[in-house]
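Engineer: Please read through the structure below; I'll follow up with questions.
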């Protein structure tokens with residue numbers, strides 16, 4: 001009878017990247033440049049919003065929160081990835097892995113709700129422009145922003161507790177470049193069906209709620225834009241909402257592919273590519289999308305630079 005190693009795992013090994021020296025060095029340079037560019041772009045957006053009084057309104061308040069999330073998201077995973085590529089230190093402690101997953105799910109969950117709040121803000125601005133300042137006050141903005149962070153925190157706390165109360169034995173090799181829900185479920189030697197069901201239910205309810213708010217907001221926005229008589233007004237409205245809609249499509253598309261599915265469909269190679277899109281590429285593109293399509297942001301960035 002085959003003996004099974006039932007020793008508790010105290011650390012994990014991240015094996016999601018190449019072992020070839022030339023490839024590792026190339027990836028290190030590529031990810032380092034991307035990470036630095038992401039930091040520079042989002043920090044510049046934050047500085048521009050905080051120093052330019054013309055950007056002290058609800059739309060840019062939420063954009064500042066988005067830039068902060070785009071700073072945190074790659075910071076959670078990329079530094080460890082760079083360490084793996086440069087020093088070949090693939091080991092991460094059990095606590096380190098748990099914290100990495102917790103903060104990652106926290107940031108991703110918060111951003112999903114923040115994008116829904118930003119869609120509602122654009123809906124009020126376009127469909128009820130005369131009442132905008134009365135409806136979307138700075139006090140309401142603060143409450144909505146805090147609410148997104150609080151919901152993201154408790155959502156992450158639930159997911160992390162479900163994952164790291166599982167029993168891990170035998171192999172400790174995580175087939176990914178960071179600790180995430182699908183590879184951790186695949187690694188566990190405990191029954192995971194009930195926990196997967198809870199994770200999918202919670203993610204489905206919360207994610208679909210945010211998606212429905214976003215979708216309904218943009219349906220009303222589109223109808224309002226099409227009813228406008230002036231082509232200049234339509235162009236301005238499309239320009240204002242186009243940036244946010246682009247970000248929404250990028251983020252929702254990649255996160256749904258990663259989290260809203262059973263672990264039986266887990267594919268390490270596919271997940272590695274998809275996760276890089278929303279963790280590394282999207283935070284890099286967000287400040288570019290907003291600055292290129294927004295005259296006020298471009299003017300503020302010029303003054304900052």
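Quick reminder: no glycine exception, Cβ is built from N, Cα and C everywhere.
This is the feature table in TrEMBL:
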| type | residues | note |
| --- | --- | --- |
| DOMAIN | 41-290 | domain 'G-protein coupled receptors family 1 profile' |
| TRANSMEM | 25-48 | transmembrane segment |
| TRANSMEM | 60-78 | transmembrane segment |
| TRANSMEM | 98-120 | transmembrane segment |
| TRANSMEM | 140-168 | transmembrane segment |
| TRANSMEM | 197-225 | transmembrane segment |
| TRANSMEM | 237-261 | transmembrane segment |
| TRANSMEM | 273-292 | transmembrane segment |
Engineer: When you look at the transmembrane segment (197-225) alongside the transmembrane segment (25-48), do they share 3+ Cβ pairs under 8 Å, ignoring any pair fewer than 6 residues apart in sequence?
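Structural biologist: They are not in contact.
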Engineer: Top stretch among 98-120, 140-168, 273-292 for CB pairs under 8 A with the transmembrane segment (197-225)?
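Structural biologist: It is 98-120 that shares the most Cβ pairs under 8 Å with the transmembrane segment (197-225).
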Engineer: On average, what pLDDT score does this prediction assign to the domain 'G-protein coupled receptors family 1 profile' (41-290)?
Structural biologist: 84
